[in-house]
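Straight from TrEMBL, the features:
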BINDING   D92, H200  Mn(2+) 1 binding site
BINDING   199-203, 325-326, 374-377, S381, 400-403, K476  GMP binding site
BINDING   H231, H325  Mn(2+) 2 binding site
ACT_SITE  H400  active site, GMP-histidine intermediate
Amino acid sequence: MQIKKIDDFQWLLPRTGSMRVPGIIYTNESGLNAIKKEETFKQVCNVASLPGIIKASMAMPDIHWGYGFPIGGVAAFDWETGVISPGGVGYDINCGVRLARTNLEEKDVRPHLRNLINALFREIPSGIGSTGSLKLTNSEEKNVLKKGSLWAVQQGFGHASNLERTEDGGCMPDADPETLSKRALERGKKQLGTLGSGNHFLEVGVVETIFDLEAARAYGLFEGQVTLMLHTGSRGLGYQVCDDHLAMMTKQANKLGITLPDRQLVCARIQSEQGRHYLSAMACAANYAWANRQILMHKAGLVLMDILGISPNTLGMNLVYDLCHNIAKKESHIIDGKKQIVCVHRKGATRSFGPGHPSICPEYRKVGQPILIPGDMGTASYVLAGTQRAMEETFGSTCHGAGRVLSRKAAKKASRGRSIQRELEDLGILVKWTGRSTLAEEMPDAYKDISQVVDIVHGAGLSKKVAKLRPMAVLKG
Ligand SMILES: Nc1nc2c(ncn2[C@@H]2O[C@H](COP(=O)(O)O)[C@@H](O)[C@H]2O)c(=O)[nH]1
Ligand SMILES: [Mn+2]
Ligand SMILES: [Mn+2]
């Protein structure tokens, strides 16, 4: 497959065959070598062949293979003529990250760390298929699906001020619970307030370095500060929505009038009944995920206060931001000098809206929206800020994590004969986990070097480095 260097951070996959637009990969020379080129480039090119795609099929430096669309992929489709694809959103609809800051410093927490991680492990249900203490009635579940984070706040989980620090206020419009299958609703009733499995985590961290003082001040971050980072999504409900709609769209794939290069790219016109049906169900799952993260972060704050024996004022917990990295959104962007309404698919990619964007809350608007980039449980995570350049080049998007370099199977093999827990403890990081293979599959070597990935999006101007966080204690699914 042909690839041409555009500059130090951008590579072009020129149009060939059925591609309607070119592919663009954001990475550098060494990042390019780390990508499994055949399978991932092919996925970028396949996405470029879908109807209504605008500008380019893009990939961020954390790119790796995904179902149909690559993880780390960004693609925008014209709202009138384009398509929506469940594989372009992913199975875990609105999987995302939220970060809370506290008034505490490492020295306040370090002596209690073992008790803290044990208590978090007790209080936050985790693992595949885990169920929570919240058992929803049918009508309560429908309210969750319609209201998202607001529902959680109304039940006493967190504060109303959290909403404006959540992407889209923690609620996508047009969420109609009647679009969900019985099975999806059934799965959702028992799983609200649970972390999930494997890659999902709750992490106690500390701000190690500040790169951009003005943005860090706006976000309320300072060196030595203790933070809580949460990564989870819409659990079995979101999975079921994706699965249901893949099956429905596959049945009616002939309606699209094109031959798909890969069956996993199955999609529907945005302006079709099927397209609208999926978007409404996706919005329900997105709202469920926001409520889930709102509940879990509140619970984590209660555990911190209990273990440290401190008051809410001493803890001073405040949401920095909450973002989704598996979503399709109706957005307005300037394309070739003209405003255009598009459906931006970000699958393993994060919104990166720059300074002045009206959707950013007033405290952050001057510096751009916060972006939360988890790395891995043994290295680091980053806080970045959105940029104008991202608005111009990538429909306001950047990377979402380090991205895997080892498959789960390869990671398990590479961990044989090692104690990942001990390796992490030697670095001062405590870890508790639920799944039998989680620690091996999720070990730091399974992921790309987060600092390199972040240096690429910073160098490419898609987002700006604000702060680096170091993990202290990690709860994994
Ligand atoms: N700080 C931590 N980051 C982690 C951990 N496990 C995974 N990760 C990073 O999160 C992203 C999430 O990507 P997804 O596609 O799996 O949703 C992943 O790429 C890693 O970089 C962790 O325990 N702590
Ligand atoms: Mn997820
Ligand atoms: Mn995720």
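Backbone N, Cα and C atoms are what each Cβ position is placed from, and that goes for glycine too.
Annotated features, which come from TrEMBL, shown on the structure.
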| residue | record | DSSP class |
| --- | --- | --- |
| D92 | Mn(2+) 1 binding site | coil |
| N199 | GMP binding site | coil |
| H231 | Mn(2+) 2 binding site | strand |
| H325 | Mn(2+) 2 binding site | coil |
| D376 | GMP binding site | coil |
| H400 | GMP binding site | coil |
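In this structure, none of the binding-site residues H231, H325, N326, H400 sits close to ligand 2 with a C-beta under 6 angstroms from any of its atoms.
Cα to Cα, G403 (GMP binding site) and H325 (Mn(2+) 2 binding site) are separated by 12 Å. Around the Cβ of N326 (GMP binding site), 29 further Cβ atoms fall within 10 Å across all displayed protein chains. Per Cα geometry, N326 is the residue among the binding-site residues N199, H231, N326, H400 nearest to D92 (Mn(2+) 1 binding site). Only G403 of the binding-site residues listed as H200, L202, G403 bring a Cβ under 6 Å of any atom of ligand 1; the order follows the sequence.
When other Cβ atoms within 10 Å of the Cβ of H231 (Mn(2+) 2 binding site) are tallied across all protein chains shown, the result is 24. Within 10 Å of H200 (Mn(2+) 1 binding site), counting C-alpha to C-alpha distances, fall the following of the binding-site residues H231, N326, D376: H231. If you take the C-beta of D376 (GMP binding site) and look for same-chain residues 6 or more apart in sequence within under 8 angstroms, you find A402, E442, M443, P444, A446, Y447, I450. Cα-Cα distance from N199 (GMP binding site) to H325 (Mn(2+) 2 binding site): 14 Å (rounded to the nearest whole number). In sequence order, C95, G96, V97, R346, K347, G348, A349, T350, H400, G401 are the residues near H325 (Mn(2+) 2 binding site), counting only same-chain partners six or more apart with C-beta under 8 A.
The candidate set comprises the binding-site residues H200, H400. Of these, H400 has the most other Cβ atoms within 10 Å. Neighbour count (other Cβ atoms within 10 Å of the Cβ, all protein chains): 22 for D92 (Mn(2+) 1 binding site). For G403 (GMP binding site), the count of additional Cβ atoms within 10 Å of its Cβ stands at 22 [all protein chains shown].
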